[in-house]
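Enquirer: Have a look at the structure that comes next, please.
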Amino acid sequence: MSFNTLIDWNSCSPEQQRALLTRPAISASDSITRTVSDILYNVKTRGDDVLREYSAKFDKTEVTALRVTPEEIAAAGARLSDELKQAMAAAVKNIETFHSAQTLPPVDVETQPGVRCQQVTRPVASVGLYIPGGSAPLFSTVLMLATPARIAGCQKVVLCSPPPIADEILYAAQLCGVQEIFNVGGAQAIAALAFGSESVPKVDKIFGPGNAFVTEAKRQVSQRLDGAAIDMPAGPSEVLVIADSGATPDFVASDLLSQAEHGPDSQVILLTPDADIARKVAEAVERQLAELPRADTARQALSASRLIVTKDLAQCVAISNQYGPEHLIIQTRNARDLVDAITSAGSVFLGDWSPESAGDYASGTNHVLPTYGYTATCSSLGLADFQKRMTVQELSKAGFSALASTIETLAAAERLTAHKNAVTLRVNALKEQA
């Protein structure tokens, strides 16, 4: 089925409808699972030496010093244009503004007289950021991860990326307060952050995207007691666009293609009650595709994508909620009117002038988002991911006395005698004092 094929949703059977919203299967092959397991073992047992060996083997780079020096970081910044530095600073300002606003107010209440309950927030002490290498350095992800880590107050923020690390990544890391940067990539970087090595510190939580090996490494270390927590499950990137007859076909096409160029496994879906708009978008996609440097990649992604015609916008919303896209773009006449009905999406973009690119780079929202249907239970990355909540309770004598019989009754019903005794002993002590 080509992307030019218009699909009438209401002519499809329930089975066909489910198939249309089924994502391409992703699972680590047995060979990837075994390879990653071996890498984790080797890094845990051999440390820096094996990290250098893996750099030579996988990155074709001989690394002597794993830690990037301040002089190297300064030199990287000097090679960048002022225009790019100013753009990064503008993006960081917006990211700071949005994420600072996410600070939770403290909770301090009396649930009943003499029973005080609080909720306080503390930063995750140490975090590791992983940034992939490749021909297109993802320095924007540095901004998205390091900025909330700094706002949260994480004491240690370190970054790993495959050597040679792009100047843009080094500068972005320094700009956002990353304390240490290491020339380590792939699953071995995740292992180093999870277990520590002579050079790379062990961290409490690991953030960042990567290939199948990195994703599998994050999964494995997150399930080990000696490992580290991770940000969220990963999957291929995706966008769903809801458009009506008031949408601009060229704008819709550009948003679909900006997602499709991410990779051949990206998924793109258009939902519209207007078949004419669907046809015009398909034509615009073909026109714009011819001009893209990554046209081959985008074309592969489009082969698994969908143009779906519905009966109305309400049905578009229902289908979108069922799919739960990573990115949801609503290009309709009154886009904001639909927001309250949206229940599952990573990030929502409203109207003609809110392209996905804005959120990817500089509007202020975070571009690290749940994908592959995880929007049903997971949230977009935010300040809370770099923090943890802790509760505090304090009972006065009077508060304890008033609550004691309730606790004793509940503990006895669960046959937890020691729990009941912890209350009864105190009740008796109060009686003796009286």
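Here the Cβ of each residue, glycine as well, is placed from N, Cα and C on the backbone.
Annotations per Swiss-Prot:
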- Tyr130, Gln188, Asn211: NAD(+) binding site (BINDING)
- Ser237, Gln259, His262, His327, Asp360, Glu414, His419: substrate binding site (BINDING)
- Gln259, His262, Asp360, His419: Zn(2+) binding site (BINDING)
- Glu326: active site, proton acceptor (ACT_SITE)
- His327: active site, proton acceptor (ACT_SITE)
Enquirer: Please give me the recorded positions out of Tyr130, Gln188, Asn211, Glu326 that lie within 10 Å of Ser237 (substrate binding site), comparing Cα atoms only.
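Expert: Taking Tyr130, Gln188, Asn211, Glu326 one by one, the ones whose Cα falls within 10 Å of Ser237 (substrate binding site) are Glu326.
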Enquirer: Counting other CB atoms within 10 A of each CB, which of the recorded positions Glu326, Glu414 comes out lowest?
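Expert: Taking Glu326, Glu414 as the recorded positions, the minimal 10 Å Cβ count falls on Glu414.
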Enquirer: Neighbours of the NAD(+) site Tyr130, Gln188, Asn211: Cβ within 8 Å of the Cβ centroid, same chain, sequence order.
Expert: Pro132, Cys160, Pro162, Gly185, Gly186, Ala187, Ala189, Ile190, Gly210, Phe213, Val214, Ala217
Enquirer: Taking the Cβ of Asp360 (substrate binding site) as the reference point, list residues of the same chain whose Cβ is under 8 angstroms away and which are at least six residues distant in sequence.
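Expert: Looking at Cβ-Cβ distances below 8 Å from Asp360 (substrate binding site), excluding near sequence neighbours, one finds Ser140, Ser258, His367.
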Enquirer: Between His419 (substrate binding site) and Tyr130 (NAD(+) binding site), how far is it from one CA atom to the other, in Å?
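Expert: Pair distance, Cα basis, whole Å: 45 Å.
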Enquirer: Report the same-chain neighbours of Tyr130 (NAD(+) binding site): residues 6+ apart in sequence with Cβ closer than 8 Å to its Cβ, ordered by sequence.
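Expert: Counting only residues 6 or more apart in sequence, the Cβ neighbours of Tyr130 (NAD(+) binding site) under 8 Å are Leu159, Cys160, Ser161, Ala189, Ile190, Leu193, Ile206, Phe207, Gly208, Pro209, Gly210, Val214.
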Enquirer: To the nearest whole angstrom, what is the C-alpha distance linking His327 (substrate binding site) and Asn211 (NAD(+) binding site)?
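Expert: Answer for this pair: 20 Å between alpha carbons.
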Enquirer: Going by DSSP, is Tyr130 (NAD(+) binding site) part of a helix, a strand, or coil?
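Expert: Looking at the DSSP assignment, Tyr130 (NAD(+) binding site) belongs to a strand.
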Enquirer: What's the CA-CA gap between Asn211 (NAD(+) binding site) and His262 (substrate binding site) in angstrom, rounded?
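Expert: That separation, Cα to Cα, works out to 13 Å.
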Enquirer: Cα distance, Glu326 (active site, proton acceptor) to Glu414 (substrate binding site), nearest Å?
Expert: 43
Enquirer: Highest CB neighbour count within 10 A among the binding-site residues Asn211, Ser237, Gln259?
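Expert: Comparing the binding-site residues Asn211, Ser237, Gln259, the most crowded Cβ belongs to Gln259.
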Enquirer: If you count CB neighbours within 10 Å, which one among the binding-site residues His262, His419 has the smallest count?
Expert: His419
Enquirer: Between C-alpha atoms, which of these recorded positions comes nearest to Gln188 (NAD(+) binding site): Gln259, His262, Glu326?
Expert: His262
Enquirer: Return one of helix, strand or coil for Asn211 (NAD(+) binding site), based on DSSP.
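Expert: Assignment for Asn211 (NAD(+) binding site) reads coil.
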